[in-house]
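The structure appears below as structure tokens.
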Amino acid sequence: MSGARSTTAGAVPSAATTSTTSTTSNSKDSDSNESLYPLALLMDELKHDDIANRVEAMKKLDTIALALGPERTRNELIPFLTEVAQDDEDEVFAVLAEQLGKFVPYIGGPQYATILLPVLEILASAEETLVREKAVDSLNNVAQELSQEQLFSDFVPLIEHLATADWFSSKVSACGLFKSVIVRIKDDSLRKNILALYLQLAQDDTPMVKRAVGKNLPILIDLLTQNLGLSTDEDWDYISNIFQKIINDNQDSVKFLAVDCLISILKFFNAKGDESHTQDLLNSAVKLIGDEAWRVRYMAADRFSDLASQFSSNQAYIDELVQPFLNLCEDNEGDVREAVAKQVSGFAKFLNDPSIILNKILPAVQNLSMDESETVRSALASKITNIVLLLNKDQVINNFLPILLNMLRDEFPDVRLNIIASLKVVNDVIGIELLSDSLLPAITELAKDVNWRVRMAIIEYIPILAEQLGMQFFDQQLSDLCLSWLWDTVYSIREAAVNNLKRLTEIFGSDWCRDEIISRLLKFDLQLLENFVSRFTILSALTTLVPVVSLDVVTEQLLPFISHLADDGVPNIRFNVAKSYAVIVKVLIKDEAKYDALIKNTILPSLQTLCQDEDVDVKYFAKKSLAECQELLKN
């Protein structure tokens with residue numbers, strides 16, 4: 001599709017020509033030139049050697065169309081764009097395809113929408129995947145604007161042209177357009193013809209076309225599910241044949257798409273209350289789960305809970321899925337085990353018999369928790385704790401807790417992090433006491449991990465844990481740890497630790513913050529405060545806490561400490577004090593009557609002093625904060 005840019009359409013003068021009018025030209029010629037200008041300008045820009053310029057020009061199509069008006073857009077711009085669509089680079093085509101999907105208002109409304117179809121059909125046949133995808137999206141957008149008559153007279157023939165073209169690219173695009181017509185066709189014979197055409201595509205020789213068929217089939221089935229009274233048995237004969245083509249294809253890149261197709265088919269029959277096909281569909285599910293191609297097994301594993309949910313009305317069907325599920329847990333491909341590890345709790349909830357969970361599922365979980373692949377163990381850790389909701393307290397303590405505690409000691413940090421992040425449900429069932437002995441060492445070890453990103457991750461989990469574990473446990477076991485992060489060697493960790501204190505205050509309240517955090521920060525060793533970084537960190541922490549503590553705490557504890565740093569020897573400290581003052585005034589102004597004197601007699605004079613500072617940065621931030629404070633007082 002790409003190539004040298006065309007210099008045809010020479011009948012329209014260039015921008016340079018149209019922008020210059022002879023002094024001898026009459027008014028009529030001048031008006032004519034001005035009316036040609038937008039299109040001529042676009043043409044000039046689309047002849048530019050630099051592709052970036054041509055792409056930018058194409059992004060302005062809507063502006064050009066507005067300038068031209070609907071009639072000239074239809075008669076001049078669209079024919080010109082049809083030429084461009086056959087003679088430029090893929091980057092330009094992609095923008096053109098996307099723009100045309102929003103073009104119906106610019107050509108005069110839906111009654112003229114079919115004029116956009118030929119150029120989009122050209123783009124939908126492009127070699128470049130991105131161009132085709134943009135064109136298909138735009139065609140589907142335009143189709144929504146079409147009347148029934150336009151749909152039948154123009155859009156359906158367009159699908160037929162693409163579906164019967166010689167090139168696979170056109171056929172792939174055709175597959176993405178059926179969704180715009182499948183439920184708008186009320187005539188059974190016409191819909192049958194459409195499905196027959198889709199079946200024809202499913203029998204194509206090229207895997208690319210068959211993949212497009214498999215990818216789009218669930219969308220078509222879901223549309224029929226939303227319109228249950230529309231489809232006939234004959235429609236489903238076609239759909240069944242298409243599904244069989246996909247599930248029996250010899251290419252795993254086609255066959256794995258059968259999993260989503262099967263789920264959609266099951267949803268349709270479940271919505272209809274029709275169980276006559278369920279056993280056959282279960283057989284198809286088992287076939288896919290045990291397929292020799294690992295990609296097919298992976299897809300079945302990844303969708304296992306969704307698949308199982310479609311059989312949940314009959315426990316006998318669920319029971320038939322237990323062994324295939326266990327086989328996936330022992331699959332020789334790590335990616336398959338990783339996918340199914342995330343599905344354990346989701347599948348187990350469909351098992352009515354706790355003994356199956358205890359005797360079959362938990363042993364599989366035990367094996368997965370010790371899997372040689374750390375990504376499998378991490379995947380299991382991210383989802384497994386919900387299984388406790390299916391067991392009583394004694395069963396959790398005796399059968400599941402040992403697995404969980406072992407995972408809290410896993411050598412891979414992500415496993416421990418994922419378990420810690422999802423402990424609330426376990427805590428709700430068995431209480432924190434049984435977890436604490438293993439939980440605290442895991443948290444402490446993660447908090448000291450040499451990888452700062454691991455330390456960052458555990459900091460981000462702390463507020464979640466705080467909500468789960470409660471204030472008393474937190475104060476006894478974790479508050480020291482939270483303060484210790486303020487002195488980390490990595491700035492990002494110190495910053496995260498400061499924000500962490502704010503989130504904890506939002507959970508536990510201002511009084512807790514005053515007693516457990518602020519009082520300890522203000523009692524730090526004077527020798528420690530000789531370090532600039534320590535002073536800066538405490539200043540940053542106290543400033544961050546200003547919006548989440550009571551005004552009394554702000555005025556009695558935070559403000560005095562911050563103010564005494566106003567004459568600090570380090571300019572960086574002084575200008576951060578200036579910024580802190582603005583934060584403090586912003587909260588004190590909520591009770592201006594009470595704190596007006598404090599603001600005017602303490603904060604503003606200090607800011608005015610800082611405005612005279614010898615350091616330019618201090619002066620800049622002091623003046624900025626002073627202006628903010630004065631504006632707050634004025635309002």
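The backbone N, Cα and C atoms fix where each Cβ goes, and this holds for glycine too.
Just so it is clear, the model here is predicted, and its values are computed rather than measured.
Taken from Swiss-Prot, the feature compositional bias 'Low complexity' covers 1-27. According to Swiss-Prot, the feature region 'Disordered' maps to 1-33. Marked as repeat 'HEAT 3' by Swiss-Prot: 112-150. Taken from Swiss-Prot, the feature repeat 'HEAT 6' applies to 229-273. Residues or ranges marked as repeat 'HEAT 7' in Swiss-Prot: 274-316. Annotated repeat 'HEAT 8' per Swiss-Prot: 317-356, in sequence order. Sequence annotations record features per position, and here Swiss-Prot assigns repeat 'HEAT 9' to 357-395. The repeat 'HEAT 11' annotation in Swiss-Prot covers 435-473. Annotation comment: Swiss-Prot describes 554-598 as repeat 'HEAT 14'.
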Which value does the mean pLDDT take for the repeat 'HEAT 11' (435-473) in this predicted structure? 83
For the repeat 'HEAT 9' (357-395), how many residues does DSSP put in helix, in strand and in coil? 33 helix, 0 strand, 6 coil
Can you tell me how the residues of the repeat 'HEAT 14' (554-598) break down into helix, strand and coil by DSSP? 39 helix, 0 strand, 6 coil
